[in-house]
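> Sharing the features that TrEMBL gives for it:
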DOMAIN    8-72  domain 'Inhibitor I9'
DOMAIN    96-545  domain 'Peptidase S8/S53'
ACT_SITE  Asp104  active site, charge relay system
REGION    162-186  region 'Disordered'
COMPBIAS  163-178  compositional bias 'Basic and acidic residues'
ACT_SITE  His177  active site, charge relay system
DOMAIN    350-422  domain 'PA'
ACT_SITE  Ser507  active site, charge relay system
DOMAIN    622-726  domain 'Subtilisin-like protease fibronectin type-III'
Amino acid sequence: MSSHHIPPSFNQDHTHWFDSSLKQVSNSAELLYTYFNVIHGFSAQLTPQQAKSLQSLPGIISVLPELKYELHTTRTPEFLGLDQKPNMFPQSDTESDVIIGVLDTGVWPESKSFDDKGMGPIPGAWNGACESGTNFTVNNCNRKLIGARFFAKGYEATLGPIDESKESRSPRDDDGHGTHTSSTTGGSVVVGANLLGYAPGSARGMASRARIAVYKVCWLGGCFSSDILAAMERAVLDNVNVLSLSLGGGTADYYRDSVAIGAFAAMEKGILVSCSAGNAGPTAFSLSNVSPWIVTVGAGTLDRDFPAYVSLGNGKNYSGVSLYKGPSLPNEMLPFVYAGNASNSTSGALCMPGTLLPDKVKGKIVLCDRGVNARVQKGSVVKEAGGLGMVLTNTAANGEELVADAHLLPATTVGQKEGDEIRKYVISDPAPTAEILFVGTKLGIQPSPVVASFSSRGPNTITPEILKPDIIAPGVNILAGWSGAVGPTGLPDDTRRVEFNIISGTSMSCPHVSGLAALLKAAHQDWSPAAIRSALMTTAYTAYKNGNKIEDIATGNPSTPFDHGAGHVDPVSAVNPGLVYDLTADDYFDFLCALNYTATQIQVVTKRNTTCDTTKTYSVGNLNYPSFAVVVSSDSTGKTSRSTVVKHTRTLTNVGPASTYKVTTFSDSKAVQMSVVPDTLTFSKINEKKSYTVTFTVGEMAASSNAFGRIEWSDGKHVVGSPVAVSW
């Protein structure tokens, strides 16, 4: 609703105005939530006809349907270099003033990751609370886990009351995901962490001295937009400094995207919002959470693996991965069968529940194809049918990407190429046999990182002129805290309980960046969310130490900015970036004007009652973003017209010593030329701003191809890098 249009008769009582508007379309409907910060309005349960009537009332600017969002499902601090440079980051007293809000499935407060030993008093700015409910009391919070709330009104209005025998109507995490993300971002140091003996070592969050506040918005049936907005509303009032959301719900225009709308308000209050890019890769155009005031995080691998080898009766060996721990297989070759030949179902090869014939799999190792149902569930299906072990093979959708799982029976996952060879053997050999050998934890895997196959890819479907994802961070086989209510596989028949679990997803990479943003906020308390994101992006790396470009595991080729954004996060360099690309809420307002949004659509996002200036020329390409996405239109032949010239202007702010920076440009295509004016920028004092303009001249090129490049400013000590993507 438009707060500027409240009728005088309500005496500025907005809740009364909301209720009165609702009563005009329904006598029985009640306000589920009222919002005054992230949006100005309310949520309620209505029929489609009532919602339509509501839309036509005075003061109502938008009626959005409830939308369901999904979750985007130890070695990291060393891999990121955080162990070598403790003095790079200021002493822990400023870090312990930073509060990270995590919107997820709640928290398992007994996890050692939330131990508050040695932590000082709770920051004075904290305005939050610890809510009690099923299996959760105010005593579950402490000086580390300083807040815990839950939001279920939208969920219960949509799906009915929560079944408390299945999930806790409280901040308690019965799923594991929320405990994993919150301990990744700001968990305390836990010595001797491991999963069933795998990945042993000290586990610690990225900002291990920061405070954590948990907002449970995700339930068995999903995460609902009215609850997510209510949690963001509360987090803003609670005074968090960083918000971490490892969830997404497809893409929509910014004025229809609840997370984007809520994040705009958070950004205006100086809160950095970090979101997962999604797990829909390696398909192009598969990103979620693409608004420019959000940090969009993709996933890469670590230099750690969990090898488990398959030996076949024909003498060949293949390398896979596994986190299985338990009774081992007999020390001999066992009969081997392909699930597709041990089932009456057309989808038998996938090892779906109820599809395997026990008389064909009993006492054997079974080869299952990846896809459709959960990887760990396939193992459970094989076990239930009497199988002794499983080899899980990737198909084309996952290629060579290996994600390790704590299977319920001896099992390993192999890549597509090896899987095809194993399948050929098991189908053609008259008496196929196999055995599986588990090796444990292996470090120093090269090349690393590589872009994860599942990590969602650009271009940005909503605004192609804004390059997304922004950055990649570790998201494959990540060890972090876990819920005591569920086993490591999350399956109902998994009775094991673990303190730590290893899982994968952009859900895991997002909290890494949220925690690193908290470290930067502690080191530079006056930096805006845009300055923090800029520091993370312009110092990210896109090549290994040997000079080769970061690889995309989906193709085996070098990755591009549509895969990795600005590159892989490098926190040690980010503390001292030299220059930053800063942005204010006014800049984003101009950006929305450049998109030709209507006054009403802009008001939904910004809550401002101002209109675009008709005398001003707005340009999407001039948003002061740390990366460049140049969009060129092609002609009817599918080629770019003879020569297209596009200009983007940027402004750099000095956050380092006085210095002179010179520019270098690189393009991987002869068809794309870049010139920068001026090509030298001299800064004499802190916070001084200097602007430059890049002219992109794009020659004739096939419209199906993309071109990539880089623009770097350097003073010999700092390198301020920006990726360039040219698409049609």
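Note that Cβ sites are derived from N, Cα and C of the backbone, with glycine treated the same way.
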> With an 8 Å cut-off on Cβ-Cβ distance and a minimum sequence separation of at least 6, pull the same-chain contacts of His177 (active site, charge relay system), or say none.
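Counting only residues 6 or more apart in sequence, the Cβ neighbours of His177 (active site, charge relay system) under 8 Å are Leu71, Thr73, Asp104, Thr105, Cys218, Ser246, Ile503, Ser507.
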> Across all protein chains in the structure, which of the active-site residues Asp104, Ser507 has the highest Cβ count within 10 Å?
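Selected residue: Ser507.
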> Is it possible to list how many residues within the domain 'Subtilisin-like protease fibronectin type-III' (622-726) are helical, extended or coil according to DSSP?
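Going through the domain 'Subtilisin-like protease fibronectin type-III' (622-726) residue by residue, I get 1 helix, 64 strand, 40 coil.
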> Tell me, roughly as an integer, the mean pLDDT over the domain 'Inhibitor I9' (8-72).
94
> Using DSSP, what's the helix, strand and coil tally for the domain 'PA' (350-422)?
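Tallied per class, the domain 'PA' (350-422) gives 22 helix, 17 strand, 34 coil.
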> With helix taken as DSSP H, G or I, strand as E or B and everything else coil, how many residues of the domain 'Inhibitor I9' (8-72) land in each class?
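DSSP classes over the domain 'Inhibitor I9' (8-72) add up to 21 helix, 13 strand, 31 coil.
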